[in-house]
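J.: Let me give you the structure first, and then I'll get to my questions.
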């Protein structure tokens, strides 16, 4: 029976080892990116939606069906079906799966893709290749999902009610090319009137309003009872914030009356941390009494609390209660509720005023109640789980036995298993790595039986078990797993789920892992037992499972046979064993394992270690103390005095027994005196004894087994004992402790005689050391013997001799002193107090008593000396003087550092500096301290040169290097070290390496030239969830530092990847680049650097590959996972095998033509003389076998194959063929040469565009960050209107409307202001104003410029009543239209601004579109402007000719190759106290250009209008000790005849890294030559005798003499050469294309919100066309184009400074003009036929113009289809503008300026008013005369 049990135990251990092996997860890999996952609960089939594919897998992820869904011909702007003839922009487009849902009742699958505006299809669940429904020609009504890959779509298949229609509820964000529908309900079955996927009813959609600027990202959709819910994030722009919203609506509500949304917020338990912001995933489950919404939220690094994620819970009963409370508050609450409530997707809500109980009476809302409804008063939850530094990306929840388990996906590729406790806390109990550093996608789905979990990464889906209970072989491991699924099934002896344990419901039969402990023995009675006794052991077991009559327990004691146990309550009674193991040596007991087993199945229950003691062994545990050792242990042993033995206690003890724990009753000897005994001297030792009755009269002996002596003991009369020691000797130590034994007749009597033997001579070589010995030792210095001995061994003692100095350290010191001197020698005193004076080289040296060593060492601190000096050392020790010999001298000298190298390094430190100088080896290394601006530089090498490693600095710049010795700084000639910006890592490739390493990793960035030491470092931390495949082997954390780099320059470093452990997936690997003191993560936006397991290769069959003359084929797995064809190497013997193909499983290479010799030749075995085939990937090599060439030759002689008759014929044919081939080859080479040149040109342009665009996007990230931080510099309303209305006037920014200054004498000001207010009232009379305008327009001298200015004045004057202004404009416009219609030229209307009303329209549009510019269109316009500016300034710009290398304008193109180099200069702004600022410039920039770039960078956080002018600042360069002011022109300027070249940085030889100082100085303080400004602004320089140039001289003036003599042909050649540079236009255009497209889309995309003014005016134009029977679409198109795009957008595009606080340079303006012209061309319907003679600007955008034209057409069409804006809505909108901005305008000044026109045409106006009947009735002429009298201070005739 025992053997059976041990076999079972062994099998259990083997099972345990097997279970520790890592479970290989089932997975499926897709060739394309995966998007969605769904699982059929009934069949277990898994469905995957991917890019261009659908997959149908079985439950174990084996492929059953695969269907291709793309790519297909499509364009987001085109309406399906797509025809290439109709959609010219169509191209092959990927189909991203946007929606994948199951409809099990109808056995069908719903799938929607991003192709064709997001249309959907129905497929059969049993076979996805069978498509049940698909229609791409139904138009907008069938557009369901988003066609933007970045906009999420969620959905839910359900029914409208019991027995109702099957419908699809859809939520999606509003993408740039979407139809604007946010939420919709779609049919899934055809009806008589509707197709599948059409809206359920006409009202079953919600569409974003035309003014909506919010964007949504939907996260989840679910249903609860009669309701459907959506979870989504919304990015609000006013105010800018991110919100997570929960929306609810009734399933049976076809009109969306019940739609209600409210905020969800997930708070951090830390009240100081910011709330979590964006919801990343959500799931609903019912763990207990009710359903709960589980949602994971993220928080970015900019928030307080740092980056991280949290899990929040929202019980749905609380959600419903809150939503009902919100509905009731809106329906029946006060009007003030509108602050809490709003109308989703734009609009206002009218709450309040409804009967109490409306919410209950109409649970799904009603038409008469407010809808849709949004509430800012939402639900808040506190995170039950937080994780810092990573995002939780997926969540799903399961319930097991009323316990809630959450499975969470992470951004680094793990699945976290979390137990959610009932009290609202959480506990993470497991973490499974599915794919390292791969984001787990949102679809995390449980199988139908809830036994498996499906998780999805980018291209893989995994099946994970929800629990692994059976992998825990013992109850302890099961309990320690803390897995809520698991518990210990007692009757089966294994870890199981509760449902798998047959008697789980019985008491203590299933022990849950998180609450109950394992079955254990808590106590035993008796607690121990003698090995010589027999009896019963009663074990208390808890928890003891309830046992039935059939259950029988067995006891198994050690190796004894098992026997039945008795069970009494919780006690189990076992019999003691018949045989007990031998007691181990040195112990007094042996522990025997008691095992309790269940007989049925021999199931192990628990075990207990039971001790059996042995008293005979107990007496020998303590040396020389047999009795005390016996009775003092924990057992019940007793000492028998008669027999001198230890035995078990008896119930009735006899006399002569020392009982247990009565050790004081033992006979014993103690108290020796003396306690110390000198060596080599006989010593009398006395000691005492007690309890000696049993040894009286016996012979006693004392001795030691260690020193092998035994002496007799004599008893003194006083009752004490004595013995005399022999001369004992032991030279190994100074002292030797002895425990002496006492024996009586050979038996040990307990002895506590502990003495110490000591040796005076040991370690005391001189007198001072001897005197310093312990006084108890009584050591004395014996002069005659010159040694230290016991005092009794020396006849005469002598005093100590004088001190002896043998050496000093160090031998040199600085003049400043302060360093420690160590004096070594002998007889240097007995104690620190003996040292009375120390002198070093004649200078006092302060004694350091704490560092003193008796007799051998004195340490002191030297004081300063005035001059260098060398001298000896003197020490006064207790009145005795010791001097150093002549060869021991100390020198004072002055160390002097002279230079340091290198002179710059990274801000993070770690640079090794070498300091050169004289006497730097003064003192010792510990005396030297090097600092840089107070930060220590750790000294690592001391000698003639010092080396130290810099520490990190808080700031960058030049730091003074200071060296001090002994705390005193030494003279410094001004040695500086410059801290530069830490190196920046921008990219790296390749992205991964095999674990064996050795792959070349190219890291690119900036600033690498500063670095001395590079290393690629890998930090490997074992994953907790990983279990090693070998038992007894655990994974240890480690740090792997790679070998040095193999190449580096300033922008590139090449490493060889270091080797990491063989199983990289078992570790969390962090890869760093170590650059001196700076560490940077090897990670970019594309992801982190990865390690993958090494590939595996199959060895050649039989070890030899034969007949390999052409190709060698090797097989393996994962061959190309981290290796490319170019990197892989293969060898045949010693020669290379040329790589041809490398795939995941195959490698092909071409061997050398002749079989090479093997690398390692074997002598005997001919097989081994064949060359080896070696594959080398990085650092690792695989020898796959040997190769044998095919060396067979033909058996037929060559003379028979080629007889002599055939040879001449062959020669003739060959010559003919050769001649023909030669001709063909020559023609082919010419063709290939031309083709190669064309391809090279095309490739160079493409590469340049790609590189420039990449660089621009990187640079623009900083600009975008500035935009996000400081906002777009939009001008305030007044400045905007001033610039739009009046900046183009003749006075420009000096115009009185901009300055606001009225030249009116103060005494007259009140009268004038009162009169102007009356004039304002007069202007508010429509009759007066119409007459006024007509009269002015009839005046011949009233020019077009005057009309424009007059209209702008009128706009400001009437701004307070914009609805009245609009009415006037409306009236005048109708008159204008009538004129053009009568003249039969309606197309010409609005072409120019030749009338007052046309300018009024321009101003009206400018006013109404200000807010739209500020909120929407401004950002892409500003980014376009900044992108052009950055691109232009990236290359040379000729400051004189205003031409640039990078431009869109061919006339502004710099037609020459100018050599230039980018520089980064450090700029210090004087008197502003800021750190040096790095600024990027070009060495060919003029000083004014440099100033502008510096000002642009330094003051980037301030408005441009607050920047200093370039001519108001001075730029100073300090290359050394001198300073030089930089200016455009000075005495050093280069002259060539009459030409003078503008100075550049190259002229001054300013280099990269130079420091420039910018200071604001008055003109009078500037040197005369520095007061010059840009050449274009100096009139004197434009004179004939003083011409200036910058980069290129004008081609017609380079050399007039040559020009006159040159031929026409030479001039043509010059022009042709200039045309070569036109390719730059393509490069710049390609770089800026994305920004141009973004601007056009923001202005013309119909999906964007359209300002109401545009809709209102376009409808007005449509009405007028219809009224006048104008059916020509071209005419209406021209009207709309002339009224908005050309009248407003072109003006803003060409003049960004009208809306932004920016300065527009001429070269930027030139490129803006080209884009503006393209915009104008896009708005015309006429086709432009292009030819070679077409302007370059037209040719540049010839490809895109058709797209832009289509955008304009769609824009006009989309506006026409929008909901009409009523007059009332428009007037309300205008009134809001008036109310918000009128007070800021110079209305009074405008009235005054308007009156000037009245004054000028006074008589004509009076006559017109008197002739008009309406004006006569209102006495308008009289009122004007009164105003004139007041304003002109004259008496009228009235």
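Cβ atoms here come from the backbone N, Cα and C positions, even for glycine.
From a predicted model like this one, the values you see are computed outputs, not experimental measurements.
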J.: In Swiss-Prot, which of the ranges 1135-1155, 1156-1176, 1177-1197, 1198-1218 has the transmembrane segment annotation?
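T.: It is 1198-1218 that Swiss-Prot annotates as transmembrane segment.
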J.: Out of 759, 1449, which residue gets the N-linked glycosylation site annotation in Swiss-Prot?
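T.: Swiss-Prot annotates N-linked glycosylation site at 759; the rest carry no such entry.
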J.: Tally every other Cβ atom lying within 10 Å of the Cβ atom of residue 250 (disulfide bond).
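T.: Its Cβ shell of radius 10 Å holds 21 other Cβ atoms.
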J.: How far is it from residue 1068 (N-linked glycosylation site) to residue 391 (N-linked glycosylation site), counting Cα to Cα, in Å?
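T.: With distance taken Cα to Cα, residue 391 (N-linked glycosylation site) is 16 Å from residue 1068 (N-linked glycosylation site).
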J.: Could you give the number of helix, strand and coil residues in the domain 'IPT/TIG 2' (895-980) as assigned by DSSP?
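T.: Breakdown, helix to coil: 3 helix, 48 strand, 35 coil.
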J.: Given a 10 Å Cβ-Cβ cut-off, pick out the one of the disulfide-bonded residues 112, 364 that has the most other Cβ atoms nearby.
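T.: Max Cβ neighbours within 10 Å, all protein chains included: 112.
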J.: When the number of other CB atoms within 10 A of each residue's CB is tallied over all shown chains, which of the glycosylation sites 242, 528, 795, 1068 has the maximum?
T.: 1068
J.: Name the residue among the disulfide-bonded residues 87, 475, 495 whose Cβ has the smallest number of other Cβ atoms within 10 Å.
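T.: Per-residue Cβ counts within 10 Å for the disulfide-bonded residues 87, 475, 495 bottom out at 87.
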J.: Which value does the mean pLDDT take for the topological domain 'Cytoplasmic' (1219-1838) in this predicted structure?
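T.: Looking only at the topological domain 'Cytoplasmic' (1219-1838), pLDDT averages out to 83.
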J.: Report the DSSP secondary-structure composition of the domain 'IPT/TIG 1' (803-893) as helix, strand and coil residue counts.
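T.: Output for the domain 'IPT/TIG 1' (803-893) reads 6 helix, 50 strand, 35 coil.
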J.: Measuring CA to CA, name the entry from the recorded positions 391, 402, 518, 555 that ends up nearest residue 844 (N-linked glycosylation site).
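T.: Result: the closest of the recorded positions to residue 844 (N-linked glycosylation site) is 391.
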J.: Name the one residue among 528, 574, 1002 whose Cα is closest in three-dimensional space to that of residue 795 (N-linked glycosylation site); these are the recorded positions.
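T.: Looking at Cα distances from residue 795 (N-linked glycosylation site), the smallest one goes to 528.
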J.: Spatially, and counting Cα to Cα, which of the disulfide-bonded residues is closest to residue 495 (disulfide bond)? Options: 120, 266, 351, 486.
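T.: That would be 486, the closest of 120, 266, 351, 486 to residue 495 (disulfide bond).
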J.: Report, as a single number, how many Cβ atoms besides its own are within 10 Å of the Cβ of residue 501 (disulfide bond).
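T.: For residue 501 (disulfide bond), the count of other Cβ atoms within 10 Å is 21.
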J.: Between residue 574 (disulfide bond) and residue 391 (N-linked glycosylation site), what is the CA-CA distance rounded to a whole number of Å?
T.: 57
J.: Taking DSSP three-state, what's residue 266 (disulfide bond) in: helix, strand or coil?
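T.: Note: residue 266 (disulfide bond) is in a strand by DSSP.
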J.: What's the number of neighbouring CB atoms sitting within 10 A of the CB on residue 120 (disulfide bond)?
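T.: There are 26 such Cβ atoms around residue 120 (disulfide bond).
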J.: Looking at the glycosylation sites 391, 1099, which one has the fewest other Cβ atoms within 10 Å of its own Cβ?
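T.: So among 391, 1099, the glycosylation sites given, the one with the fewest Cβ atoms within 10 Å is 1099.
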